[in-house]
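Peer 1: Here Swiss-Prot flags Asp303 as active site. If you look up Swiss-Prot, you'll see Asn48, Asn136, Asn437, Asn530 marked as N-linked glycosylation site. What Swiss-Prot records for 1-33 is signal peptide.
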Amino acid sequence: ANTKNREPKVSSVFLCFSIFYVTVLLNCNHVYGQTSTVFACDVAKNTNVSSYGFCDNSLSVEDRVSDLVKRLTLQEKIGNLGNSAVEVSRLGIPKYEWWSEALHGVSNIGPGTHFSSLVPGATNFPMPILTAASFNTSLFQAIGSVVSNEARAMYNVGLAGLTYWSPNINIFRDPRWGRGQETPGEDPLLSSKYAAGYVKGLQQTDDGDSDKLKVAACCKHYTAYDVDNWKGVQRYTFDAVVSQQDLDDTFQPPFKSCVIDGNVASVMCSYNKVNGKPTCADPDLLKGVIRGKWKLNGYIVSDCDSVEVLYKDQHYTKTPEEAAAKTILSGLDLDCGSYLGQYTGGAVKQGLVDEASITNAVSNNFATLMRLGFFDGDPSKQPYGNLGPKDVCTPENQELAREAARQGIVLLKNSPRSLPLSSKAIKSLAVIGPNANATRVMIGNYEGIPCKYTSPLQGLTAFVPTSYAPGCPDVQCANAQIDDAAKIAASADATIIVVGANLAIEAESLDRVNILLPGQQQQLVNEVANVSKGPVILVIMSGGGMDVSFAKTNDKITSILWVGYPGEAGGAAIADVIFGSYNPSGRLPMTWYPQSYVEKVPMTNMNMRADPATGYPGRTYRFYKGETVFSFGDGMSFGTVEHKIVKAPQLVSVPLAEDHECRSLECKSLDVADKHCQNLAFDIHLSVKNMGKMSSSHSVLLFFTPPNVHNAPQKHLLGFEKVQLAGKSEGMVRFKVDVCNDLSVVDELGNRKVPLGDHMLHVGNLKHSLSVRI
């Protein structure tokens, strides 16, 4: 029973709890989820509430919260430190379930949200790894906006909460990570832009008032969390040993952007330790960075059962009361779980934590609910009160799910006269493979019930007549069933083979040990390709990269597409690309490594940078020195695109004060904290020409290589833009480059520096040298 978020430890205690949980749900669905619209300050039920300051929305959030917490007993405050917050009936405050999920659509994972005959499903978008491949920030926000509309609609009929523990913005550091599919990939800039964009889509109200929230998003899992269960190493006890340079250069930027640029309402701390300290009990990470440096306006929540984990699994404290006190004093406001509810009272009695710290924590929680309008009375009279079942799974929302999948799909190989196929010329199409008729597989994890499914087979059959053979009994493919598949491929005009993974191969609590196609899938692909009469298109459905070197070099396999987990409309999107209704424009958001990489690099080594002394090859395109199967940013379209730099400086002079030490010393870099960084920016203008006849979206990726100082990245994404180009047309793209933000690197101590010397800018095959001098 996977009832706990991020699938917690399977222990006898957990199994007992699961049985209890299911029993309670069956007998009384009022316990764990909203069953009618839940809100405070209901004048119809209790006229006294109109006299309470916390119900007066003409007051500031701060004043309202202050009025509320003064009225609460210590026990009532403690009852509001857990995800299943208790009711305070004397003040007209109902119980509230904080835990809902919306990773790529409203999900019924977590007790705060469920479906019913009133709303049987919600729009399931592609998994974030595929959405990220679109390199389209406006798409990230558009999806968030649709998801929050559907969430509000479900809240209004008592089926959902207002607090969503999404997105997952951890860096996809290692190809084996089972949860990489949930993330925007391996690059800090792309992940940062995704975080801010998706969060804005979820949270922003129509009037743009940043003090109000449409729904409350949550960026997780803070921080350096990317090992679940690898060769017996569990996330509950894993100590991520991370250098200050890697922390500030790789792992922290998405969270910083989420808080500062996205103005997110919540951050979730992770299970793992970082350099010996559990993240949920690290005051430097929580109070120091999230609240202090980044100024979070919202609440900090633990990953589910993390407070219990740091006592029971990590043995970080001697008692449960100590665990409760340590986390609250470190800056935790809300516990996904029951530990704070059970043990905070005892911690107060033992003098381990003071009531003021508890008041501070619940104040952050209540402030979030105030911003959501939870204390403004009847939601039907509030903004978004008109949303309801009619606004879920609308044709427009379902079309956006299809469009998101199309924009993300990546074309990795395309021989002449392969794709696109002509629906007029193809009279028979063989559709083969364990994911060829996938439905549930397409929506990945943290999923909801979709509006409907279109499998690859259904999508392709809408274009041409098909014959189908799965070729494997399941995705694990222990025994390939090649005969039927080979037979239909031998006579068909073209063959589509849909292979890859599913949640039995890569998932939460399940990291891969190899990155080859599972079981006998490779044998199936080779043998079918060998007898195929026409072009063979290999379609890979997966969250992580696969070593498909064999398919790259096999001339019989004429095209390769990676489709991630493409969501409810994935099959339609795949067919749109294969038959040329849509020109592919996705680019890989992560490196695809050879199998040899995972054979020699332990998943537990957190170092990003290569170490020539030990032969350690480094991680991600920014630092990895070895061979790749496919590289970050790879992706083709059906035509070619030419880039041309129209305007870019060759020299940038940094104005330094006369007495600056670098005027006399041989400085290799300048500190970005100094005054010389203010307003130091320039523009780069690029022309982008579509040489093909077919209209196309195109992602322009601007990289730079800094001078070789501070063990800097060998290449780094500086910016990206999606442009729409008609056939044979030209467009202009402008990048505004802030020298100290965009051309800086993180030094060995975690400080940002601008390297002096020659920086190389790259776009496609173009290179432009830019000198930064004093």
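Each residue's number is its place along the chain shown, starting with 1.
Backbone N, Cα and C define each Cβ position, glycine as well.
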Peer 1: Using DSSP with the three-state reduction, classify Asn48 (N-linked glycosylation site) as helix, strand or coil.
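Peer 2: Going by the DSSP assignment, Asn48 (N-linked glycosylation site) falls within a helical segment, counted as helix.
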Peer 1: Under 8 Å Cβ-Cβ from Asn437 (N-linked glycosylation site), six or more apart in the same chain: what's there?
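Peer 2: When sequence neighbours closer than 6 are ignored, Asn437 (N-linked glycosylation site) has Val431, Ser455, Pro456, Leu457, Gln458, Tyr468, Pro470 within Cβ distance under 8 Å.
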Peer 1: Any same-chain residues 6+ apart from Asn48 (N-linked glycosylation site) with CB under 8 Å of its CB? Would you list them in sequence order, or say none?
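Peer 2: Asn48 (N-linked glycosylation site) has long-range Cβ partners Gly92.
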Peer 1: Which residues of the same chain, at least 6 positions away in sequence, have a Cβ lying under 8 Å from the Cβ of Asn136 (N-linked glycosylation site)?
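Peer 2: Asn136 (N-linked glycosylation site) has long-range Cβ partners Gln407, Ser697, Ser699, Lys722.
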Peer 1: For each of Asp303, Asn530, count the other CB atoms within 10 A of its CB; which of these recorded positions has the top count?
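Peer 2: Result of the Cβ crowding comparison: Asp303.
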Peer 1: Take the C-alpha atoms of Asp303 (active site) and Asn530 (N-linked glycosylation site) and report the distance between them in angstrom, rounded.
Peer 2: 49
Peer 1: What three-state class does DSSP give Asn437 (N-linked glycosylation site)?
Peer 2: coil
Peer 1: Let me know the DSSP-derived helix, strand or coil state of the residue listed as 'active site', please.
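Peer 2: In three-state terms, the residue listed as 'active site' counts as coil.
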